[in-house]
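Written below as structure tokens is the structure these notes are about.
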């Protein structure tokens, strides 16, 4: 509408306007009725052809799915019964003190009250559990339409590792490969690997991983395989020909499995080589010493393996960014271990990509659903509730556990009951990994975009008159940039 024109010129409030509104309401009712009936009785005319598409694009990207009353109400009744029994128990304990051992009785009652309060606090989250459902088709209609530039928000992945002896490089490689192969626009995806141990084995393993990713990523996207961590994909005892009608799939799968076996041999050779550390320390290919020979005293290291400047896959397509980061370490400073490494990745990513969302993973956790990032974006990019969401916590699922889970290693109660209960009252807690953060929430304010590095054509260049002043000017800007990266 043109604000300079009278609103009456558009027909607002006229008979024609009311007829259009009534027609639109009738179409909406027919559309909802068709959805409830499964789409069997939908007889839309030519004017209604685009209505379902437009309506889907305007709908929320996620919704809450409450637990059925037939399932949750019996559990609530049990909680109330237990609470009544606990109250009767404490009434008896307080009204019948033990005078012969009053101190022991008092200590016992205090401990029992403490345990009872802990139990009550544990029951609050379980009172109102919820589940959430996302609509990836609506997200696609709104932000990722085919034939148009994707409007999905960029995401930075953070992978943290310390000691390659305790965290095998092959496991870390599978984590990185599952990230690079996720179903998300490659120009909006970046993976940062934090090597807090400054190990040359991790650096060389990451180099081998980047080369293998040029073959693995197009294979995953071509045949839509799941999961996209090669170690776990090739270990699946299922019929991999099921629902695969592409004639070349069997041949390509065998070739890729052979490539992965060779990749494992190269990684294991690097591990065997790293068992014997030279007396003078490791040296790089150009003959210079490895900067991380002293784990507690070394400069910061940043190496971009894959990115916009190169690193295309075997089909000539662009791959997501892959960046190696080892933060600076100096003796006498508290580096705060994993928290400090994450802070360093936040600062480095802010300079290189500055994505509005960040997802952190441990080196032994892989992405078992290629659409997981889009699932998170259904909450983060929702126009109605997205601004109120600080982070999205994914549950953890564990492999190589016995069928009956007799030792409760899957943490089913924590992830499937407690976390859903906390989501029902305020929100789940952050468990340290598998979480998508909003960068603005970590900064505390909407951070400005990173300025470009200074060049010879900076704004204050005319103020530098002599050649020596110009050199000092460039050095000053270089020092500022270095401080940002460190």
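Keep in mind that glycine also has a Cβ here, set from the backbone N, Cα and C atoms.
Quick caveat, the model's predicted, so the values are computed rather than measured.
Straight from TrEMBL, the features:
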- 27-47: region 'Disordered' (REGION)
- 27-43: compositional bias 'Basic and acidic residues' (COMPBIAS)
- 75-94: transmembrane segment (TRANSMEM)
- 101-121: transmembrane segment (TRANSMEM)
- 160, 166, 167, 196, 337: UDP-alpha-D-glucose binding site (BINDING)
- 338, 362: Mn(2+) binding site (BINDING)
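Feature annotations (TrEMBL) mapped to structure.
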{"residue": "160", "record": "UDP-alpha-D-glucose binding site", "CB count, 10 Å": "24"}
{"residue": "166", "record": "UDP-alpha-D-glucose binding site", "CB count, 10 Å": "9"}
{"residue": "167", "record": "UDP-alpha-D-glucose binding site", "CB count, 10 Å": "19"}
{"residue": "196", "record": "UDP-alpha-D-glucose binding site", "CB count, 10 Å": "22"}
{"residue": "337", "record": "UDP-alpha-D-glucose binding site", "CB count, 10 Å": "11"}
{"residue": "338", "record": "Mn(2+) binding site", "CB count, 10 Å": "17"}
{"residue": "362", "record": "Mn(2+) binding site", "CB count, 10 Å": "19"}
Surrounding residues of the transmembrane segment (101-121) on its own chain - C-beta under 8 Å, 6+ positions past either end: 83, 86, 90, 93-94
Chain-mates of 160, 166, 167, 196, 337 with C-beta within 8 Å of site centroid, UDP-alpha-D-glucose: 161, 162, 163, 197, 338, 341, 363
Integer Å distance between the CA atoms belonging to residue 166 (UDP-alpha-D-glucose binding site) and residue 338 (Mn(2+) binding site): 15
Residue 362 (Mn(2+) binding site) as reference: those binding-site residues from 166, 196, 337 with C-alpha within 10 Å of it: none
Diameter of the UDP-alpha-D-glucose binding set by C-alpha atoms, the set being 160, 166, 167, 196, 337, in angstrom: 16
